[in-house]
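Shown next, in structure tokens, is the structure this report addresses.
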Amino acid sequence: MITFMNNSDSEEEPCNERTSLMSAESPPVPSYQDGLQASEAGEAQAHRKRRTGSSHSPNNIADGDMSDSGVPVRESALENEEEELTLKYGAKHVIMLFVPVTLCMIVVVATIKSVRFYTEKNGQLIYTPFSEDTPSVGQRLLNSVLNTIIMISVIVVMTVFLVLLYKYRCYKFIHGWLILSSLMLLFLFTYIYLGEVLKTYNVAMDYPTLFLVIWNFGAVGMICIHWKGPLQLQQAYLIMISALMALVFIKYLPEWSAWVILGAISIYDLMAVLCPKGPLRMLVETAQERNEPIFPALIYSSAMMWTVGMAKPDTAARGPSQQTWDAGEDGRDNHRSPSHADSQMSETRSPVPTRPITSFEELEEEERGVKLGLGDFIFYSVLVGKAAATASGDWNTTLACFVAILIGLCLTLLLLAVFKKALPALPISITFGLVFYFSTDNLVRPFMDTLASHQLYI
Amino acid sequence: AFFWLVSLLLSSLIWFIAVKASDPRDESLQKGLLIFGVMFSVLLQEAFRFLYYKLLRKAIEGLVALSEDGCSPISIQQMAYVAGVGFGLMSGAFSMINLLADTLGPGTVGIHGDSQLYFLTSAFMTMVLIFLHTFWGILFFHGCEHRRWWEVVAVVVMHLAVSGSTFCNPLYVGSLVPSYLLMAAAATWAYVLSGGSAQNLWRFLLCKS
């Protein structure tokens with residue numbers, strides 16, 4: 001097991017799903033777009049596309065018919081309503097995202113603190129070939145920067161590759177890639193994780209039981225993620241695989257490289273989502289042009305929209321909802337796609353536009369949710385997990401990073417509501433997280449320790 | 001919570017610089033610096049509470065402008081309460097969480113001559129601080145809202161007093177008792193300001209509608 005992970009050429013990087021925070025917007029109803037960056041590591045080259053979109057309440061859709069050809073008078077009257085609903089739903093969406101992000105972080109931190117496997121150094125991935133065991137600080141810094149460059153270029157290459165695949169409609173290849181990577185995550189990594197947890201708590205387990213458990217877990221996971229399944233189960237599985245991926249990163253990325261990679265990824269995310277020629281942006285636009293659904297395997301959605309049989313011809317009139325999706329790459333390259341804005345997808349959200357909605361409305365109301373790419377989950381958890389692992393055993397640092405990331409997420413969602421286009425979810429949160437980690441570890445910790453030893457309270 | 005964290009960050013930055021710039025062997029100087037650090041941190045926390053108030057004010061104005069009937073969905077009192085709770089939780093968490101992690105270790109509290117009641121008193125102190133932050137939030141926002149600056153000053157003075165009383169530790173009677181008394185006072189004050197009265201309380205206790 002362990003050898004498989006060590007420096008083997010065939011070892012593939014877990015797929016990274018990129019998450020971008022995108023809000024789906026239909027023109028009449030502003031929605032949040034979460035561009036998600038999902039980076040997915042998996043053994044195969046799987047690309048996952050993530051897409052997030054959040055839709056607004058169907059009320060507006062119902063009464064107004066927010067189609068492009070909407071009456072101007074109604075438009076302006078509805079706009080105010082929309083904005084207010086935007087804010088209201090914005091708050092709801094924020095909470096809907098807080099819960100899964102928090103859960104993922106809790107799982108990662110709990111594992112890091114209890115299972116010692118994930119904090120032992122057992123080799124490095126082939127994507128970070130330079131070792132950090134060098135005698136001088138300058139050398140170490142140089143090595144970590146080189147590692148970062150290699151990692152980021154791998155990601156860029158994979159993203160571009162994915163975009164090309166998508167452009168030339170090689171869907172089967174992409175599907176196969178995605179399935180292979182989630183297969184690896186669900187079976188292999190779970191097996192390793194379970195093995196380590198059982199070792200830590202000294203619980204005996206026989207192979208047949210283990211096989212049964214893992215087989216069931218993995219099979220149900222595959223079905224839930226790639227096909228249909230109860231929403232909560234799918235969410236739980238996505239959270240679990242994000243946590244597993246984050247744990248792998250925490251274990252196999254050397255210390256300084258991890259921090260530099262986190263910083264570089266947010267910059268890359270920013271560029272790839274906002275620059276006109278960025279790969280993620282192109283991906284989203286292509287998907288928008290084709291009005292196609294993106295692969296659901298890489299996105300965490302807080303509400304499910306089953307569009308089978310719901311696609312209406314006048315959805316086009318309604319306005320496509322935008323989704324942002326990033327293709328995550330599994331496999332050899334850790335590919336991170338920056339979170340990106342969304343492409344307009346008309347068919348996925350299509351409330352019945354012109355009729356007064358009755359049951360459909362409620363259906364849509366519940367189905368409107370926020371989507372966040374799994375890559376974002378993974379990187380947030382990597383940051384918090386690294387803080388828990390390496391911050392001199394201090395819980396304050398972990399807590400500070402946690403709060404910083406959540407506040408960054410809030411701010412990103414706020415900006416999303418203001419700008420109404422896809423925005424990268426990583427930069428703000430990761431910046432806050434990094435700032436707080438380094439400052440809390442070096443500045444706050446001695447202060448709080450001294451205060452606690454004298455039992456003074458501030 | 002975030003604002004409290006930022007204030008903590010800045011105050012520890014100041015303290016850290018001061019410590020690094022001074023002589024580490026001079027005990028009384030270190031103690032003095034610590035006291036200075038604590039007071040400065042308290043003042044900074046209150047400053048950040050004020051900044052947070054300003055931010056929430058702007059947010060409420062925005063919400064009112066957007067809403068249909070001119071009322072914001074959340075009132076300033078609710079925001080005051082939430083702000084207080086946030087501050088309190090963050091300060092409590094930062095004070096307690098390392099201690100809690102240590103309680104999982106060996107049961108050797110006070111084995112080197114320190115007080116054996118360390119964990120217990122820390123827990124009580126943290127609890128009273130969390131409550132106090134909540135009440136201070138309400139009082140502070142109310143004072144800012146109605147331009148009664150003496151209320152704001154009272155909150156700051158109370159905070160300084162509570163922090164100062166912890167300098168009596170490990171003479172716990174000097175810190176816990178005044179803090180609890182202050183908390184009771186702040187609680188009644190905040191309750192009255194939020195529209196409560198003895199009548200309401202009585203009716204609530206008797207479960208009347």
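Any Cβ shown, glycine's included, is placed from N, Cα and C.
According to TrEMBL, the region 'Disordered' annotation covers A:1-77, A:314-358. Positions annotated as transmembrane segment by TrEMBL: A:94-112, A:145-166, A:173-195, A:207-227, A:234-250, A:256-275, A:399-419, A:425-444. Per TrEMBL, compositional bias 'Polar residues' is recorded for A:340-351.
Note: the stretches the transmembrane segment (A:145-166) and the transmembrane segment (A:399-419) are not in contact (fewer than 3 CB pairs below 8 A, sequence gap of 6 or more). The transmembrane segment (A:399-419) makes no contact with the transmembrane segment (A:173-195), as judged by fewer than three Cβ pairs under 8 Å among residues 6 or more apart in sequence. With a cut-off of 8 Å on Cβ pairs spaced 6 or more residues apart, the transmembrane segment (A:173-195) and the transmembrane segment (A:234-250) reach 3 or more such pairs and are scored as touching.
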